[in-house]
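Okay, so here's the structure we're looking at.
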Amino acid sequence: MTAILERREATSRWAQFCNWITSTENRLYIGWFGVIMIPCLLTATSVFIIAFIAAPPVDIDGIREPVSGSLLYGNNIISGAVIPTSNAIGLHFYPIWEAASLDEWLYNGGPYQLIVCHFLLGVACYMGREWELSFRLGMRPWIAVAYSAPVAAATAVFLIYPIGQGSFSDGMPLGISGTFNFMIVFQAEHNILMHPFHMLGVAGVFGGSLFSAMHGSLVTSSLIRETTENESANAGYKFGQEEETYNIVAAHGYFGRLIFQYASFNNSRSLHFFLAAWPVVGIWFTALGLSTMAFNLNGLNFNQSVVDSQGRVINTWADIINRANLGMEVMHERNAHNFPLDLASVEAPSVNA
């Protein structure tokens, strides 16, 4: 018998690198999307931490009145934020090398634009990386599809809305109180609470929380016991076991009797599709609503919809909300303009008797 030995071809460094990047045996999968994701998210995180701690005040409204957002300039964890890029910059691309000096870049809020751009690219690549790993493992692509909902929401808040409003200064500040300020101003200017797509998003988030709690409690309550009464039921589960770990028939029967038969799923695949789709579709609609309101296609307006036979207005809840909106609009950017647009564009009512 003759043995033929062939010399193995030397693998190039590039091929070795490609194999390492795309290997599913790594403790953390990198992937080609990860090559972009990792430096982007590291950059965004590093600059955010530094700016949150030490960034000097930013002239957010472009009127030479800087607003302090960092911890070293008098804020705490609640009030601190990375202040959005100045209204004087608008939508211009504003990297460090476009400013005359580092001090000017910081004064005009350059870190905000740097963080947002790297963050959005990073989370988009994270979504692509989810798809890439699923593809290499032979899985279906729906994990990445589900993650597209928060990616769409973040993109709407940090990119689409500033584009529609004409300035990055209208983006959401990167902080706790800054987030709430953004929400209040958004309600004042766009009446988001009366927008059907926002309502769908609320139903998606709260409904998803309810369904998640219901599903988790039902599964935990219908585990198939593999242990004695003296041991934890959890000890009877072995990772990767072929047998089912809970009795879906028992869970279905319980829930069907609690409400009614057809309110309960008897198909595990349909159930888990529903659990995924409900919040995802709701958040998709919210992101779409934010993106339309960015261009001032606002929530429904029912102000002064009800009048009596004499033509006098009978106030409804819509009128109460409108009064609150005007109050919030008066309070924000108080030095950037004399009157809110809603008040400045309407002729003052007569005060004659």
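Using N, Cα and C of the backbone, Cβ positions are placed for all residues, glycine too.
Taken from Swiss-Prot, the feature chlorophyll a ChlzD1 binding site applies to HIS118, supported by sequence analysis. Following the DSSP three-state reduction, the secondary structure of HIS118 (chlorophyll a ChlzD1 binding site) is helix.
Less than 8 angstroms from the CB of HIS215 (quinone binding site) sit LEU271, LEU275, each of them six or more residues away in the same chain. HIS215 (quinone binding site) falls within a helix when secondary structure is assigned with DSSP. Among the features that Swiss-Prot reports, quinone binding site is placed at HIS215, SER264, PHE265, with the record citing sequence analysis.
Positions annotated as phosphothreonine by Swiss-Prot: THR2.
Look at Swiss-Prot and you will find 29-46 (among others) tagged as transmembrane segment.
Within its own chain, the transmembrane segment (118-133) is flanked in space by residues 24, 29, 31-34, 36-37, 40-41, 43-44, 47, 139, 141, 143-144, 147-148, 150-151, 154-155, 158-159, which lie at least six positions past its ends and keep a Cβ under 8 Å from the stretch. Taken from Swiss-Prot, the feature transmembrane segment applies to 118-133 (among others), supported by sequence analysis.
Note on the transmembrane segment (142-156): residues 119-120, 123-124, 126-128, 130-131, 134, 276, 279-281, 283-284, 286-288, 290-291, 294 of its chain, located 6 or more positions outside it, place their CB under 8 angstroms from a CB of the stretch. Residues annotated as transmembrane segment in Swiss-Prot: 142-156 (among others).
Within the same chain, residues 251, 254-255, 271, 274-275, 278-283, 285-286, 288-289, 292, 299 sit at least 6 positions outside the transmembrane segment (197-218) and bring their C-beta atoms closer than 8 Å to a C-beta of that stretch. Residues or ranges marked as transmembrane segment by Swiss-Prot on the basis of sequence analysis: 197-218 (among others).
The annotation transmembrane segment is assigned in Swiss-Prot to 274-288 (among others) on the grounds of sequence analysis.
Long-range neighbours of the transmembrane segment (29-46) within the same chain, counting only residues 6 or more positions beyond its ends whose Cβ lies under 8 Å from a Cβ of the stretch, are 20-23, 114-116, 118-119, 121-123, 125-126, 128-129, 131-133, 136. The Cβ centroid of HIS215, SER264, PHE265 marks the quinone site; residues of that chain outside this set whose Cβ lies within 8 Å of it are MET214, LEU218, ALA251, HIS252, PHE255, LEU271, PHE274, given in sequence order.
Neighbour count (other Cβ atoms within 10 Å of the Cβ, all protein chains): 20 for HIS118 (chlorophyll a ChlzD1 binding site). With a cut-off of 8 Å between CB atoms and residues at least 6 apart in sequence, the same chain places ALA251, HIS252, PHE255, GLY256 near SER264 (quinone binding site), listed in sequence order. In sequence order, HIS252, LEU271, PHE274 are the residues near PHE265 (quinone binding site), counting only same-chain partners six or more apart with C-beta under 8 A.
When the Cα positions of HIS215, SER264, PHE265 are compared pair by pair, the longest gap among these quinone-binding residues is 11 Å.
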